[in-house]
Amino acid sequence: MCGIWALFGSDECLSVQCLSAMKIAHRGPDAFRFENVNGFINCCFGFHRLAVVDQLYGMQPIRVKKFPYLWLCYNGEIYNFKQLQKQFGFEYQTLVDGEVILHLYNRGGIEQTASMLDGVFAFILLDTANRKVFLARDTYGVRPLFKVLTDDGFLGVCSEAKGLINLKHSTSLCSKVEPFLPGHYEVLDLKPSGKVASVELVKFHSYKDEPLHAACDTVETLPSGSFDLETVKSNIRILFENAVRKRLMAHRRIGCLLSGGLDSSLVAAVLLKLMKEINVSYPLQTFAIGMENSPDLLAARKVAAHIGSEHHEVIFNSEEGIQAIEEVIFSLETYDITTVRASIGMYLVSKYIRKKTDSVVIFSGEGSDELTQGYIYFHKAPSPEEAAEESERLLKELYLFDVLRADRTTAAHGLELRVPFLDHRFTSYYLSLPAELRIPKNGIEKYLLRQSFEDSNLLPKEILWRPKEAFSDGIASVKKSWFSILQDYIDQQVDDLLLEKAAEKYPFNPPKTKESYYYRQIFEKHYPGRSNWLPHYWMPRWVKATDPSARTLKHYKSATQE
């Protein structure tokens, strides 16, 4: 996890512009480099490093003797860099996994490069010999990337939008800063003036398709075309374990977030099992957050005891949660209601990990709810086919919601996130299964995933079959939910009259509740006029909902009241 930043064709002095690069310093607390491009005095790279692999030669932009005309700035991890080296006979000069991008590009161009990378990434590749700039981002947008391109060809690229919004230029940049689309690469011509012109934007991978890099994966080809339940369950276990195994690549200590829910518990259990197999020299640290005696804390404690991790509990009170709201919204760069709500706990636990431990590479369970139909409203899906379509829509928009939350809350504290549920092979296989296999059954969401691990003894049965908790309830005390605490506080902060006139003040995505109004006010304070970064609020489907919380859904109420 690092922070990348680059400018091409700047009219302003680069020493002034580089102050914007410091806005993302939190993403790479270990080192910083600012480098001009030879022959292009108005082009430069900025890089903030979190040293996770090759601590000696890992600084960027990466340049190697074999390709002196290539400059690479990337954020991410390429899990198959050794397999690609073996397959194509690449001769690496460093131990940096991202060096493979240079070799792949030299061998087969940008399309093959992006398609063959098994991992999470956002990168800027400059080819001065052919006067090209390339941008690319992984399938689900696990690693963030923003860009601004003016009409006169000034290009700015950054891991977070906050590194671009204050750039100086002769024309306005205000409305043009936008997220770079996941699963795409862009080709731009580099002119002698240092300015650029976009040539094409190409989608290189659809999450439903088996990735091109599957051909050189460490897992053999699985039985395909058979949807026999035992075969399916075995394939799910094999691919998920493989997804966790490949993510063990790190020279820094590995930890795991553990809420006690199904997703994080499965990740933690498989992670610890594999760490033992390869004789990792330290115990796995797991981290749970909640208010005193919250359901998540109790469940996580049970899982940690079962798997044998070194468990840490972070207890926060309502005042600490409320005080964190503004800095969370600033970090997130969004005002989406459920994203802000769910980010507070993750932000506070990440703060604890950075201050109190030496764990840096943090595993988490993001992506499972979208992939395996874990949200409670999936019980209301009119048909298995519509549920499958909704699952795909959620995966497509992950970069705006859960993946954004997971990246920004951890990156704000210099941690690197790993999300095995969003492994390309695992997700493409799961999505290839018949729609009726993937829907909730017997009133239980993620039924197939739970069923697949039922006989593994990885988790206690009550955890494996624990119903979905709304995150804001899971971390709250049993006496009063975090949802209710927030409502009570915000009710005092936002006047009824302000809410009545919300649509006039904020015509785009107008706030409908006091909570959304409160978040929007804070967002506009830091990012005025940029509300279009969020195309729409996250809301459940097939139910008449005015609030995204699962707590407001009928199925959730009946389950929690039994």
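Using N, Cα and C of the backbone, Cβ positions are placed for all residues, glycine too.
What TrEMBL says about a protein is an automatic prediction, not a curated fact.
Feature annotations, reproduced from TrEMBL:
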DOMAIN    2-191  domain 'Glutamine amidotransferase type-2'
ACT_SITE  CYS2  active site, for GATase activity
BINDING   LEU257, ILE289, SER364, GLY365  ATP binding site
SITE      GLU366  site 'Important for beta-aspartyl-AMP intermediate formation'
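Mapped onto this structure are the features recorded in TrEMBL.
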| residue | record | contacts (Cβ under 8 Å, 6+ apart) |
| --- | --- | --- |
| CYS2 | active site, for GATase activity | ARG27, GLY28, PHE47, HIS48, ARG49, LEU50, GLN60, TYR74, ASN75, SER159 |
| LEU257 | ATP binding site | SER264, THR286, PHE287, ALA288, MET346, VAL349, ILE362, PHE363, SER364, GLY365 |
| GLU366 | site 'Important for beta-aspartyl-AMP intermediate formation' | ASP263, LEU398, ASP402, VAL403, ALA406, LEU417, VAL419, PHE421, LEU422 |
Check: same-chain CB within 8 A of ATP site center, minus LEU257, ILE289, SER364, GLY365: CYS256, LEU258, SER259, SER264, PHE287, MET346, VAL349, ILE362, PHE363
PLDDT averaged over the residues of the domain 'Glutamine amidotransferase type-2' (2-191): 92
Among LEU257, ILE289, SER364, GLY365, the record's ATP binders - longest CA distance, Å: 15
Cβ neighbour count within 10 Å of ILE289 (ATP binding site): 28
